[in-house]
Amino acid sequence: MAGAGSQHHPQGVAGGAVAGASAVSPTAAGPGEDSSDSEAEQEGPQKLIRKVSTSGQMRTKTSIKEGQLLKQTSSFQRWKKRYFKLRGRTLYYAKDSKSLIFDEVDLSDASVAEASTKNANNSFTIITPFRRLMLCAENRKEMEVWISSLKSVQSREPYEVAQFNVEHFSGMHNWYACSHARPTFCNVCRESLSGVTSHGLSCEVCKFKAHKRCAVRATNNCKWTTLASIGKDIIEDEDGVAMPHQWLEGNLPVSAKCAVCDKTCGSVLRLQDWKCLWCKTMVHTACKDVYHPVCPLGQCKVSIIPPIALNSTDSDGFCRATFSFCVSPLLVFVNSKSGDNQGVKFLRRFKQLLNPAQVFDLMNGGPYLGLRLFQKFDNFRILVCGGDGSVGWVLSEIDKLNLHKQCQLGVLPLGTGNDLARVLGWGGSYDDDTQLPQILEKLERASTKMLDRWSIMTYELKLPAKSSLLPEPVAATEEFYMTIYEDSVANHLTKIVNSDEHAVVISSAKILCETVKDFVAKVEKAQDRTLENTVVAEAVASKCSVLNEKLEQLLQALHADSQASRVPPGIGPAIPEEDTVESASDESLGESKDQLVNDIGKPSSQKAVKPREIMLRANSLKKAVRQVIEEAEKVMDEPAVQPSEPVSPSCDYDTETDEAKEDDAKESLSAKTTSQSPDAQASCGHPQTDSVAGPAMATTKENLPVLNTRIICPGLRAGLAASIAGSSIINKMLLANIDPFGATPFIDPDLDSLDGYSEKCVMNNYFGIGLDAKISLEFNNKREEHPEKCRSRTKNLMWYGVLGTRELLQRSYKNLEQRVQLECDGQYIPLPSLQGIAVLNIPSYAGGTNFWGGTKEDDIFAAPSFDDKILEVVAVFDSVQMAVSRVIKLQHHRIAQCRTVKITIFGDEGVPVQVDGEAWVQPPGIIKIVHKNRAQMLTRDRAFESTLKSWEDKQKCDSGKPVLRTNLYIHPAPDLATEEVSQMRLCSQAAEELITRICDAATIHCLLEQELAHAVNACSHALNKANPRFPESLTRDTATEIAINVKALYNETEALLVGRVPLHLESPHEERVSSALHSVEMELQKLTEIPWLYYILRPSEDEEPPLDCTKRNNKSTVFRIVPKFKKEKAQKQKTSSQPVQNWGTEEVAAWLDLLNLGEYKEIFIRHDVRGAELLHLERRDLKDLGIPKVGHMKRILQGIKELERNPPNLV
């Protein structure tokens, strides 16, 4: 349609045409399914509408709802903006709110329906006996508010913005216009819907069909939501109330079969036969009365909240659920705007599968209403259908209500990026709403893992640009570094004299030697340039010689002392050799140092040197350093002297040495710094230098800091403009005391202090600053301005490519390293030339890219994981790198792995920042990323799905008829023997004791409660099912569930206490928990002697070896039903299986089960076929036994051949 004269268009409509009203072929939809769109309809003959002055009526009546809407005209389907007022049961509209004349529409016999399935333009139709009014709202929330207002008028109920939609509790249908691909009949007049494509209305919840003229006469019998909505159909017995079937007549699929007589039911000629809205059972009209009256709720019964469970309301007006009816209910949040408005289709489909009261639209009220409804449940699951932003929204609301211990959250990817859904195993996109039952089934079988969540803390303050922080007189920096030299020498001498620990003495002596040696080299290098003042140069050389002598004397005294002391073997840690090559002039000093280090750890019987002698040597060495500094200051005071280059510190910590080196750094820092506010930390009074900010500090071999090889990837160092030198110990010592830029201390004096910070948001996936954030910001702005251009994932990826290409030319943040400063775990990280920094929590970035460049650990970094409380920091060099990383796993840009990240933004202008795809411009100041909490996430467990599917195939009925949905336990389980009951009781008591000890310890150790809450709740719930006063109530099903949950609790507790990163408890609690854990282990070992529990609790063949405590913690709360017992008993039972010749009929029947031919067990047992006869069966024998299928004969004969070679193990 041209629509040239249209002045206003609804969102998502181009040229005035209705996006959701375009013509669609009947073949566009599958058989029996509703199509996505409806054809445009012209308004029929209209009744003459009275147009008079309505100002009087406007003043006398109260307005229920009013506002601007777009109205479709009859000419060329153009849209025009009109002002609408709903007063009483009449809808008024005019050009604006101040008009005197309004058109009026009588709503006495009106119905309201959405325009189409996807409804991208948020349009709806008001249908009266005389006209149809097509209206369009600004967004979906506004549309639903208008629809609810109109429905409340029809039902004669006062409209108010309630907690839930009125139609959910009133039984009113939720109409939308659609077309059908097969003959469909109206459930009101029972006649066929007219037209080739069967135009009509369909209820989005119960699929009730009606003509548009009949919709107003439809009874309010939509899908039940609460106990009150069931009414007189409720079933009451001695056990309480039960859920009845809710039948809907007619319009059954072609393949429908009666659940009673197993014959075809339904018709394409008339409205006949019935279908239950809950369990999807279909029956003939004649068979309906003989069918079981209680509804089993069907395939999704685990996830459904039955209407009989919502039987009361609390003081706030929210429905209260009865927990006994809900095992693990599912709360569904759908973002109706996600995936090109695909969310609308999923919203309707979930209401058809579940209770409509447990399905919520995030765009209409947010997640609070749903979480408030489920707040009282001890354990429930959440499914978020949308993108990463929707998941973050729900998790933030869970934080406010403090529900992390009660709920596990799964993700159905409908958005653009969907990085979190990829990591959790749910894929990158999902479009097929017909597969939702299978998705719910996989969600029931999902395992649980913990997702680290991080707070983005900001502190805004004005910081001068780095370039303005360069010092005017370079000599001031020299004096500052010389003071640091002197203080460092004094600190390490104090440690050598006072410390009784050999590790501290070794570390301090080694650092002291290198400090003095490097200090002398720097001074000599400076005096070599001082050719004019030879007298001063000779004085400096003399003082340096004296200093070397004093250091030699101290080393000799320490050597003598080490020879005299007795140290137990092995207590001295090995000191790794330095990679640097010692100069020829320092050979004697290096030998003395090595001799000292080697001798301190050796036992000897010589007489100890007096501590006073060591003290004297140390004081003389300190005085010598002071004299050299004084002479050096004289050199710098000479006007003709060229100042020497300032010492550039290094961050090359040797992580192989003892932790005493870190302690030295912290102690020396604490002696110089006090707790400061972020403002004071960011503007320290020391002179500032910048290794990249200007020509005075160009990146050269002498002043470029060495990057920590344990933190920085060698590839990033190769990306730096020059080779890195200065790797002596002096650089390590300097970085423990000063910051090369002088802007912040190298180690934050109070790293955990967040005074003055405010939480900007919470990060679940990743954080970015610079290039990638600017691209995200521009994309978000474009999507807000032109949403119709960003309605599909393909278009969004194309836009990202266009914006990235533009940045390739503009290079807006090519000097980002000059505007920001990075610290990881309080350690300053010198940055190369880059355009952005990314901080990763999950191994998926910007739509599925593994930006870290791998998933496995190597010699430097551990494997990335989202449950280890560790972040990965990478550099973003340009947009080409971001594009290439989608194809090639790049690793040269890795920076660090750390637990906290601090980024300081300098200058007057803000820098783009993005968190999980949401971008903004962050003003200058400080950004800290710290751990907030952990959320329980549902991850798809494909291995468990495969195993369970194989098990379910073996549990098919003997008749060979496949079940609709095989549950974990199909047949009534037999009772337990007396010995088995007693063993289960002992195991339950041991598990209860372990739970008690865990709860006691959790009162002090919050982490214990956070890690084990899910396992403890599941185990307690299973134990409560077994009533100790009635042993006969303990069935095999209940016992199996108890054993699985107790084993899961045992695995989780053991992994937490003795796993890769053990949790250290206080001594009384640790002993009690360990004792209870040991008791549970003993009881579980006894349970493995029960044959039907052996295969559940036995060790797996491919079980992983014991965890290495030195490796990274990758544990999760996934159900580990395989214990860590030794395998001797399993091997013994395997080898003790009897030969095939001695098999009885029971073993033969079990062997048929292994072949998935259990339907022939009765035949073999009736003919008394034992092992000896089985081995001699031939094809004609099987035919005589009554096996008709050739394929089954071949499988049995092939199985007999396998028996002769490898007899199976049948326990």
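Cβ atoms here come from the backbone N, Cα and C positions, even for glycine.
Keep in mind that what you see is a predicted model, and the values were worked out from it rather than measured.
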May I ask you to indicate which of 244-295, 504-555, 712-763, 972-1023 is given in Swiss-Prot as zinc finger?
244-295
The annotated zinc finger range in Swiss-Prot, which must be one of 172-222, 376-426, 1039-1089:
172-222
Just to be sure I understand, if DSSP states are collapsed into helix, strand and coil, how many residues of the domain 'DAGKc' (325-460) fall in each?
58 helix, 36 strand, 42 coil
Calculate the per-residue pLDDT averaged over the domain 'PH' (62-155) and state the result as an integer.
81
By DSSP, how many residues in the domain 'PH' (62-155) are helix, how many strand, and how many coil?
15 helix, 41 strand, 38 coil
